[in-house]
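Undergrad: Following this message is one structure expressed as structure tokens.
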Ligand code: F6P
């Protein structure tokens, strides 16, 4: 694929001289104070990136030319920012920020969710020990991340989040649960997604086979399509609806967060929402030059669009945040992995890079070789917490953080070796460090909201609508047509695969 030329302001940014990170603190001694921003419990450090005063000025101009402030206001006002589907993107309203009517509706739906949680805790559905959450994409990744990050806060049930249509995933979860004490949460915005509906049906069968009298009596539906949930067999009183204007990958704040709210407790869920709301206010009210999601988007735009980096890597130096990279893959790639702009014309230059990553220090012993000495440049983001997530010897946490900071310094500084090129490190490789005080519900909420707004800011700078995802439809349609009409009219490769693996249907 060839990319069209970069638009005017980006072309002038590209024409600016590039600083060398190895000497950047000498040439720009104040950069730590200029490029570190502390927002509540989160400290963002962009000083080890190539961002300079000139680049910042160029990007601020780009943001202005792209109408950043007006588009941000439109997002919070509940306007139809998702222009291809003619609807708003109201995840901030779930946190109490945004259009007053939508905030009121979200509060009402949260109250309903809380009442059901209180009833479950009071035994209304019998004794519950296990929560089986069935959903996929945005209906699974968010709850999975929050529960995994916060289960040190005192989780009260065994929770399994099953997404894959591969029966092995469901079977493994069922093997560890007792059907008599299991609550099933079926999470699907549309309540039509093949994987979810198949897994939900198999979970019901599992209960029936175990002799559970009223299996549907322990099913909760989390959906924006309550009518479909009722038609499927869920009683209206156990349906927790959310607004159609909340996008799938932005939905963990809505009733999709039910397993987190039930297992971690309502107070923790509310703190998560409050943390996100604080980041919403920061994004909405801060000037562009002090706006964390926007500055992060400038860095993203520089590496992806100006330097042509095709990936960006994220390493959580905290086991509690190990699911963050996979959560962000959907958020960033499904939102901004587009080739056309809001008006249907081609995106100027590249759009979203591939988001990938892992946990430190594991990743150091697996993929960091390429980051230090490989031929491609992948900007790196480190996330670490000052407080540890465990009570073991503090030496563990010290070693974790020391390694995290050492990697950033090594990428930037490099090391010459005139005698042996195999042992030389080029350096001048950028990294951002995000340091949080601790991994609490507030911090996790603020962090996720930061990434949501950064994704939105990137979209605005590129002129993209981040809230649709038509690219996922074609494969689904073809799979459906094979199921309904049989495998006809495909290429020889596809026909041979179907013939071999599915018995020549
Ligand atoms: O196929 C992509 C997608 O539509 C995601 O955007 C969404 O999060 C996921 O499928 C699940 O959709 P649903 O919540 O409707 O089951």
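For all residues, glycine too, the Cβ spot is worked out from N, Cα and C.
Bear in mind that TrEMBL entries carry predicted annotations, made automatically and left uncurated.
Sharing the features that TrEMBL gives for it:
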- 334: active site, proton donor (ACT_SITE)
- 365: active site (ACT_SITE)
- 476: active site (ACT_SITE)
Undergrad: Measuring Cα to Cα, how many Å separate residue 365 (active site) from residue 476 (active site)?
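TA: On Cα coordinates alone, these residues lie 37 Å apart.
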Undergrad: Let me know how many other Cβ atoms fall within 10 Å of the Cβ of residue 476 (active site).
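TA: There are 11 of them.
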Undergrad: Within 10 Å of each Cβ, count the other Cβ atoms, then let me know which of the active-site residues 334, 365 comes out lowest.
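TA: Fewest other Cβ atoms within 10 Å, among the active-site residues 334, 365, is found for 365.
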Undergrad: Distance check, please: Cα of residue 334 (active site, proton donor) against Cα of residue 476 (active site), rounded to an integer number of angstrom.
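TA: Cα-Cα distance, residue 334 (active site, proton donor) to residue 476 (active site): 15 Å.
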